[in-house]
Amino acid sequence: MKGHRVVLRSDLDRLRGKVALLSGGGSGHEPAHGGYVGAGMLSAAVAGGVFASPPPASILAAILSLHNAGASGVLLIVKNYTGDRLNFGLAAEQARNHGVAVDMVIVAEDCAFDRPSKAGRRGLCGTIFIHKLAGAMAEEGCALDQVVSMLTDVLKGIGTLGVSLSPCSVPGCLPSFDLPPGDMELGLGIHGEPGIKRSKVASADEVVKTMIDHMTNPNSQSHLPLKPGDSVVLCVNNLGALSSLEMAVVTRAAIICLESRGLVVARVMSGSFMTSLEMAGLSLTFMRTKPEILRLFDAKTSAPAWPNVSSVCVSGRGFIKDPPDMSTRPQDDTYSEGPLSLVMRRTLERICSVLLEKQEELNSLDRAAGDGDCGNTHAQAAKAIQEWLQDHVVPGCPGQLLSVLAGLVQTKMGGSSGALYSLFLTAAAGHVTEGQSDAAAWASAVHAGTQAMRRYGGADPGDRTMLDALCPAVDELQKLTTAAPSGHMAVLQTAVQRADVGAEATRDLTAKAGRASYIAAERVNQPDPGAVAVAAIFKAVLEALKEQK
């Protein structure tokens, strides 16, 4: 609204004959209150300066705008702070002098103080529950006195408590209070004021338990009476600077703690609803509920800051689903030997020995451009294969063996290397069977495996990865499809040489994929460890086959 910090619904004509809702307060609590303006919630919101009550003139301007739009009455929803009560109260009296039907609901649901002062309990995030229920009733055409009566009753069952790991800072000012690292403040408000108790930071489960114990302590005059069997709506409100992950951890802890006390968690909201600038804290709000309250709570609204809350009760639902049966893995099956079983066993044994011998060399190369564990991951795969060979028969079908190896490296090797090797072996497995395992079939298999690595890994030859050794060798192996049997070993010998050359050439390449791509090129002057490992595997295959001829 021109000249005033007032947000109005764009469809004011739809208020005719209905109760209009106005709320507001100081800035710094965004998305409150402007984010809750919309059909099914507030008709207007008015803002003051940071943590300062809005001026009466702006509040009155908002009231009169709603009245002039044809509203049957205007309900002011006010948080219990002296400045807000005074300014909204003054505007209400002035509006009555203009012939406007005005009423006010004071939200005072803070559970922090055992013995509240004369000022009473503060209005906190529970205010948005009142926005929602009042908005739903107003949208249905309820009269002003009906809305006030309902909200007055609901407010008896709402409680909020805040906790924070840091203060906040009004722009241009020092932090609102001092909080040493490792400490947390319990029972603070939303205007930067300190809380009622300071303690050491604890786990989310412990903090949530402490908060709920305090909120429901019957010895406190501000407690929220809850008993087993009660149904509640839970709001976990980010006070400004917590991550979504931290909020999710606290939300889970709150649900578990409430359910452990025999309470039914009917609905859950988690996010930033009423903040305190950049404060690294949160508040918990509970609202006792019943079917009529839930109906109003679930009613649709166009307010942009209201979340898309599920209308299904949280408690009583299973959150963990059993996975599909994956108990049968290729590496666990029993196989029959065939003519190629001995050759493949000895070849695998040779590959494993070479990778274990090269463990430290590969780690050293990886330390220059990665996290220094390339040798360890290849050694893990080699050990897993060795252990499997001790207890299992090597299947006569090469494709079955490749599937076994894919499963082993996927589970035992880890990291991107495990995924890449597993992709290669899985894609290759379908191209070699017991009845089709000649040189041409193997050429087709390694080509398919390489293409899978390129497709899903996103790298190409020249990017300084294992592909710089693999692709030249695989290209050479394609000659197996036309070479005479007497020339197969010569093709394999050349493929090994090309893999070696490709691996050594990575010394002069700029990394474009993998972890090395994030390192300055001048610091990466050693061969790529993945390429060196691939070249070593090809050489081990050649040596093993020569020994068996």
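For all residues, glycine too, the Cβ spot is worked out from N, Cα and C.
Worth saying up front: this structure is predicted, and the values here are computed from it rather than measured.
TrEMBL lists HIS191 with the feature active site, tele-hemiaminal-histidine intermediate.
Here TrEMBL flags GLY26, SER27, GLY28, HIS29, LYS79, ASP84 as substrate binding site.
Marked as domain 'DhaK' by TrEMBL: 1-306.
Feature annotation from TrEMBL assigns domain 'DhaL' to 342-543. Mean pLDDT for the domain 'DhaL' (342-543) in the predicted structure: 91.
Here HIS191 (active site, tele-hemiaminal-histidine intermediate) is positioned 9 angstrom away from GLY26 (substrate binding site), judged by their C-alpha atoms. In this structure the residues listed as binding substrate are GLY26, SER27, GLY28, HIS29, LYS79, ASP84; their two most distant Cα atoms lie 15 Å apart. Remark: HIS191 (active site, tele-hemiaminal-histidine intermediate) has GLY26, GLY28, PHE51, TYR81, SER176, SER276 as non-local neighbours, by Cβ distance under 8 Å and separation of at least 6 in sequence.
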